[in-house]
């Protein structure tokens, strides 16, 4: 909605569209609260967002220099009454630092490098830059080279730019006019795409060796042209099959707005090579990495972990010891200790025994619910999940306004409660409850907030870390500390069928807690597992296996505010702060935080009750209602359209493929198709 037409009073005002804020918005709207949800960026998700390649380039540009426009800070003092005071908020994002970009793909001589279909709206509502096409598309390859070189040589602290990234769904009418003027060019691109698809079909029939060589010749211009096939997450997460996020998606019926794929394998780095981790019963007995004795030892230990609470005598004496020490006490071999510690429990070296047992039990309980691993990944990236909850909020009357910053909170001097906000256009909006994402809180309002940092890297590579019969694999890889003092690194490798990369490439996410800059923390792992020389067929010194080549790489640090308590902020009692993404693999902290805040706001209301299906709604009155009127009262045709930035609803859920226990292919997963009986059978 346009900021000029916003109502002046709401019951709940939420600033930021990250995952916890979006969940709270959906929960409040679902129980009938009047919700206004705003974000200073032009895309949904904040630090949880996903970008196309061109959108990511614009995001990088934003965080290369500060862009605080002081001219926007106007008229707010005139809106403050004598019995009120103002608390200023941040209008720019300062949570991203040390952004560095490297391009290893060859720079061909083709001019007018442009993302194919860049001006066409995409059904998955991925984010792209309105200014990206204008800034990059008309440029030669030399312009790209200068952009990358400038970013490579500078480590810069970030803040938002004056021209933020705009999502495709928020494109203006002027963009539409521009699209019509380039229709012939887009038509040519579409024809070229069809030709490439036919060539790809022929390529599949040639020898594997020829295909490997062809994949190594991917150029930077190809990446840019196919940029809309990329969906790059700022935050790398997977969903535990029985985790709190999956349970919430099913309970609230929000799961129908998205599709998921099962992670097909779990890998680890050990003895200088990447190996597959046996985690299910079938994997253990089929493994060639384990001896017969190790298989029995591992099965016995995993059986104990499934109900370790029933055998306190086995672990209580070691509850004050680390989980690593407990594994040694169990006399597991070094090989088994590595698998259990780094790839199954995935706890740190300092975590206690009970924490390790709890994590191992959770891993085992999630096995078999949707596939042969405990994890799911959302199609088109993790940025789809906040959008799904935003859509639910909008369906029940929530109002969204992107690219809309809030200047300050208006606080009553007597009651010390926040009563309104003033946005950057000088409009005063009254409200009862306020939820603010951590990055919006100014430093002056932080008492003793201790933030951690997350080191992130995003790589585009030409092949998988571990060759398999199918090249469509979604893999979770754990790399233990390679040197003393370095953290363990988690890697999520995504294939093209996850709708996050172009065909013939893999999108690789690396994450670890920060001890320095992202480049310093992750460069050693990248050099061990990948080759940064595209033209050379570099092989691993230990295994002799050819390494994947890095075509393009991005490094950055992200603030982790999950450790901050509410008492750490000097804010009114009716202002609640949501943290950004943390460094863990799941999203349990965000779900718990959202549920906790909602419970404080409305203690007598159910958190995210199930939304009715449109076909189940019974309307009052004798008149016939529109078939797709939505929820509640019938709506007109314009209201029936999916709101901007949301994922289109799956109208025919029967078309979604249900996975089985032994499924090893990457096929869409419907969360609603799993029942309790299959869960118990698969767990066994």
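Including glycine, each Cβ sits where the backbone N, Cα and C put it.
Whatever TrEMBL says is automated annotation, not expert-curated.
What you see is a predicted model, and the numbers here were worked out from it, not measured in a lab.
According to TrEMBL, the feature region 'Disordered' maps to residues 153-199, out of the candidate ranges 12-58, 59-105, 106-152, 153-199.
In TrEMBL, the feature region 'Disordered' is placed on 625-684, out of the ranges 565-624, 625-684. Here the domain 'Ig-like' (487-598) has, by DSSP, the following mix of helix, strand and coil residues: 29 helix, 34 strand, 49 coil.
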